[in-house]
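Right, I'll just put the structure down here and ask away after.
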Amino acid sequence: MQAPQCLTYCFNTVLCSITYMTLHEPSLGSGEESWEASSAELERRCRLGSEVTSLSHITSMEKCEHYFKLSSPIRLKLDGYFVLCVFIFNVFPTMNLTDFRDNSLLKLQVGGPFLGGMEAVQEAQEYILIQVEQTEEAGSRRRRTQQVLYNWTIPLHSQRSDQILRTRTFEMVSSAPILISVQAFLLDSQVVPLSMTHQSLYVTVETQVLIAGLILAGVYVLIIFEIVHRTLAAMLGSLAALAALAFIGDRPSLMTVVEWIDYETLALLFGMMILVAIFSETGFFDYCAVKAYQLSRGRVWPMIMILCLIAAVLSAFLDNVTTMMLFTPVTIRLCEVLNLDPRHVLIAEVIFTNIGGAATAVGDPPNVIIVSNQDLRKKGIDFAAFTGYMFLGICLVLLTSFPFLRMLYWNKKLYNKESSEIVELKHEILVWRQTAHRINPASREETAVKCLLMQKVLNLESLLRKKLKTFQRQISQEDKNWEHNIQELQKKHRITDKILLVKCLTVLGVVIFMFFLNSFVPAIHLELGWIAILGALWLLVLADIQDFEIILHRVEWATLLFFAALFVLMEALAHLQLIDYIGEQTAVLIKVMPEDERLAIAIILVMWVSALASSLIDNIPFTATMIPVLINLSQDADVNLPIKPLIFALAMGACLGGNGTLIGASANVVCAGIAEQHGYGFSFMEFFRLGFPMMLMTCTIGMCYLLATHIGLHWNT
């Protein structure tokens, strides 16, 4: 190996004020009455055009205003919070080393042709070594000379192909000058383009973690108590996290914040929403609901078990989000025709979707991250080995989950306590009100339409009050005349557009097939988001959609915005050292355990830390952070732990932990968003009461499986 090429930079806190340097110039660059019948009289009274002016003074207009007033003391208190965050984010600029103080943190970000994975440095043939040194001479404050020295080794890519950023934070002891030296260990004499930025952070790691924890707790308070919509809660949390970064001296630019968003996930969600919106026009979901009712022979619990099992199997091979997008409309229509409450059935389905997604290497994003890691592949954790081990464990989890779910639902009334006529009327009122709220009266015509819709709501509410006065409570029991009902339902719920159904099935089949190929064939360079977008465009062309706005109105824009804000929030919390701190403290706890019990304790600790953390934060960045921590832990000679049990514990906990809370997994949020659009939204606590006990039970079974195989049978050790 050639002698190292060394470049040394000395940053003096008095003379130096640069915040960016380049070692080499980089070249990398349905209701009781129809709408027509119920609104005929209103349309005669409220003509559009010249009569709109008089319409604004009628009594219905006064009643309309009642529905659109928003006043809440709690929401008003958020104004001060918002102003404070904006003030901090704008006043505190990006810091540099001229403001370096005692006991601060030095943050270095290096860009260059580094290896994309977390490969072991000792196996790399070429690498760079960055040394950070600070020496403070003896003086009035210190009796002896104090020196800190950090070594940071980054392996280089042999082809010099990609520009990858690496970030690390170093703790300094004083305001003395800092010496940074960069040495490149190369096989041949060649140019290595590198870029480096540095910042001084005024807050210690523990304080940053405390701030991040408070922000995350605040977001959960807003969501749990439904103070604001979960999308707004995520956006406020993101703003608070960005303000915290600006406060500590790590203020990100707008371009940086935009890059934190995972556009592939948003593209996948948007494309599948378009596909499902067009698919619903064919009547296929109503047809599937009737078939599921027929297959269960009119018994509710067998039907729910069938739906949950199908969802679990599909999610093992498809993305969880895709599975719930296809299953949620079917479930809602099935519950409507059977007079069931869709909320409990949807929560059960999404729980089993997350369980089934853990069975294979492509069922859940954390599994994809694990099998894509080059270091883990060298350790024998490839697609076949990972799927074989996890599939057996998830089968055991599923076998115990069905009876436990039945226990949780033992005292719950799945049937609505009112007649189907009253339930449909209430749902119709809710849908009409939501439709009216979505109209922004920008013109006289839109104002008139909004008032017509609200008058429709008032008429339906009057009708509902009359029915409730004469209603005798009759709690529905399991249907004894299911064969007769099947015939009636088959007449009412049929395929409405067979040609469009063929087109939709063709496009959806191709899209799902491409999803499989993307997982098994590396030569396909289309990500899941691109496949979904191209499939949506293809179906839009084939379906010959004339009114494109109708399709766009069915897209869950609030869900998409929630995910975008959640990505920013989680990345900002990662910059506040929250995820790294969890990983480091987990490793410290494992190291202090007795050697003969260390493996069992490590499996239990990694499993439950991953499960609880994945219930609170996104499991994708958590998994990506824990993988190198576990690799380094297994390579520590003082610890002497095999890597496979730790990785399987991480995968089991990260996937099953998503059932803990409503925002623990992407499929939970998507299901809640679609259900809310149909008028059956469920709250954070409704999901928590069922999801969290299921998470505890499934993780306990998974932990027993891990201990029995790795400790009892000595697999993978």
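Just so it is clear, glycine is given a Cβ too, placed from its N, Cα and C backbone atoms.
Unlike curated entries, TrEMBL annotations are predicted automatically.
TrEMBL lists 169-187, 207-225, 232-248, 268-288, 300-318, 383-405, 499-517, 523-545, 557-579, 599-617, 646-675, 687-708 with the feature transmembrane segment. Annotation comment: TrEMBL describes 220-653 as domain 'Citrate transporter-like'.
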Grab the pLDDT values for the domain 'Citrate transporter-like' (220-653) and give me their mean, rounded.
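Mean pLDDT for the domain 'Citrate transporter-like' (220-653): 83.
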In terms of Cβ proximity under 8 Å, which residues at least six beyond the ends of the transmembrane segment (557-579) contact it?
169, 205, 208-209, 211-213, 215-216, 219, 229-231, 234-235, 237-238, 241-242, 244-245, 248, 250, 252, 257, 260-262, 265-266, 269-270, 617-618, 621-622, 625, 663, 666, 669-670, 673-674
Can you see whether the transmembrane segment (383-405) and the transmembrane segment (169-187) are touching - at least 3 CB pairs under 8 angstroms, only pairs 6 or more apart in sequence?
no
